[in-house]
Ligand code: AP5
Ligand code: MG
C-alpha cells in the first residue's frame with residue numbers, strides 16, 4: 001500500500017502485465033501500419049512512460065510527437081477539456097496514431113477526431129494502453145486497446161493523482177477502505193479471546209489480544225515481558241504508554257490485513273483516544289465495539305476453572321480476579337460511553353454456548 005496526498009493505493013497491475021500489453025499493441029499496430037511510416041502522437045502527460053516503452057518494442061520506421069490535452073482534476077473525469085497544444089508538424093496526408101495512457105469516459109475523443117480530421121490526415125487511429133469499458137460514453141471505435149480494466153481510479157506508470165504517482169513503475173488502484181475493525185469488549189473471562197478465534201476465521205481478520213502479546217513476552221523473558229509481569233500477576237493494568245506502543249507495533253506488522261479484532265484493547269480512555277488517532281493516520285477506523293455481557297460470579301467460575309490448567313497467575317486467586325474486575329469497572333467501563341457517543345457500541349449476551357454467542361456477534365457484524 002502506498003499513500004499519495006491523502007489517499008491510499010494498492011498494487012493492481014504489475015510491470016510484467018504492462019509490458020505484455022504494450023508488446024501486444026506494438027505488434028497489432030505494426031501489422032496494420034508499418035508500411036506507412038506513421039506519426040505517433042502521444043497525449044501528455046500521462047502517456048510518457050507507455051510511449052517510451054511502446055517505442056522500444058515498435059521496431060519500424062516512424063515519427064513521433066507529443067501534444068497536451070488535459071482533462072483530469074482529482075479522481076474523477078471532470079468533463080472539462082482544454083485545447084490541444086504542441087502539434088507543430090505538418091501531418092496532412094499522413095497516417096496518424098494517437099496514443100493515450102487511458103481512456104475512460106472518452107470525453108477527449110470528439111475533440112481529437114475533429115482536430116485530426118481538420119488537418120486532413122490520411123488515416124487516423126487511436127490506441128490506448130488502458131481502457132475502462134464501464135465508463136466509456138462515446139461511439140468512436142478505439143482501434144487498439146492494451147488492457148481493459150474495471151472502472152477504478154488508477155495511478156502509476158505515467159498516471160497521476162493530482163500530479164503524484166506518475167513515476168511508479170507499476171499501476172496502483174485506489175484503496176477504498178472497507179476494512180472491518182472490531183473491538184471485542186468485556187470483563188475478564190467474558191469470552192473475548194474465545195470468540196475472536198472464530199470471528200477472525202469467519203471474517204478474515206487479524207486478532208490482536210494485548211493480554212496474549214504480554215504473555216508471549218513474559219514467556220520469552222523480554223524487557224517488555226518483565227515489566228508487564230509485575231502488573232499482570234497482580235491483576236493491575238499495564239501502563240498506557242507501554243500498551244499503546246505495543247498495540248501500534250502489532251498493527252504495523254500486518255499492513256495487508258482486511259481488518260483487526262482488538263481484544264483487551266483499549267482498556268482506558270487514553271488508550272481509546274490513542275487508538276482513534278493512530279487509526280486515522282492509517283486511513284482506518286473502528287467499525288464497532290461489541291461487548292460480551294456476563295455476571296461476575298459466572299466469570300469468576302470460568303477463570304478459576306481455567307486457572308487450574310492455564311498457569312496464569314491472575315486466574316488462580318479470586319482476590320486477583322476481583323481486582324481485575326475493579327480495574328475494569330474503574331478504568332475500562334467508561335469506554336462504553338466513549339463508544340456510545342460515536343454510535344459504535346453494541347452489546348450481546350455472553351452467556352450461552354460458544355456457538356450461540358458467535359452467532360449473536362456475527363449478526364451484529366453482518367449489519368455493519
Ligand atoms: P487479558 O489477557 O486481556 O485478560 P482479561 O481481559 O482479563 O480476560 P481473559 O483473556 O482472561 O478473558 P476473555 O474475555 O478473553 O475470555 P476467554 O475467551 O479467555 O489481560 C490480562 C492482563 O494483561 C490484564 O489484567 C492486564 O494486566 C494486561 N493487559 C492486557 N491488555 C491491557 C491493556 N489494554 N492495558 C493495560 N493492561 C493490559 O474465556 C475465559 C474462560 O471462559 C476460558 O476458559 C474459556 O474457555 C471460557 N469460556 C469462554 N466462553 C465461554 C462460554 N460461552 N461458556 C463457558 N465458558 C466459556
Ligand atoms: Mg483473553
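Note: Cβ is positioned from N, Cα and C throughout, glycine not excepted.
306 is the residue from 306, 312, 322 that TrEMBL records in the ATP site together with 189, 190, 191, 192, 193, 194, 352. Per TrEMBL, AMP is bound by 210, 215, 236, 237, 238, 264, 265, 266, 267, 271, 312; the candidate from 302, 324 named for the same site is 324. Segment annotation: TrEMBL labels region 'NMP' over residues 209-238 (candidates 149-178, 209-238). Within the chain, the region 'NMP' (209-238) has long-range Cβ neighbours (under 8 A, six or more residues past its boundaries) at 192-193, 196, 246-247, 250, 263-265, 267-268, 312-314, 320-321, 323-324, 327, 331.
Note: residue 238 (AMP binding site) has non-local neighbours 214, 227, 228, 231, 232, i.e. same-chain residues 6+ apart with C-beta under 8 A of its own C-beta. Averaged over the domain 'Phosphoribosyltransferase' (14-161), the predicted model has a pLDDT of 91. Counting every protein chain shown, the Cβ of residue 190 (ATP binding site) has 22 other Cβ atoms within 10 Å. Highest local Cβ density among the binding-site residues 189, 193, 352 belongs to 189, counted as other Cβ atoms within 10 Å over all protein chains shown. Cβ contacts within 10 Å of residue 194 (ATP binding site), excluding its own Cβ and spanning all protein chains shown: 17. The separation of residue 189 (ATP binding site) from residue 236 (AMP binding site), Cα to Cα, is 15 Å.
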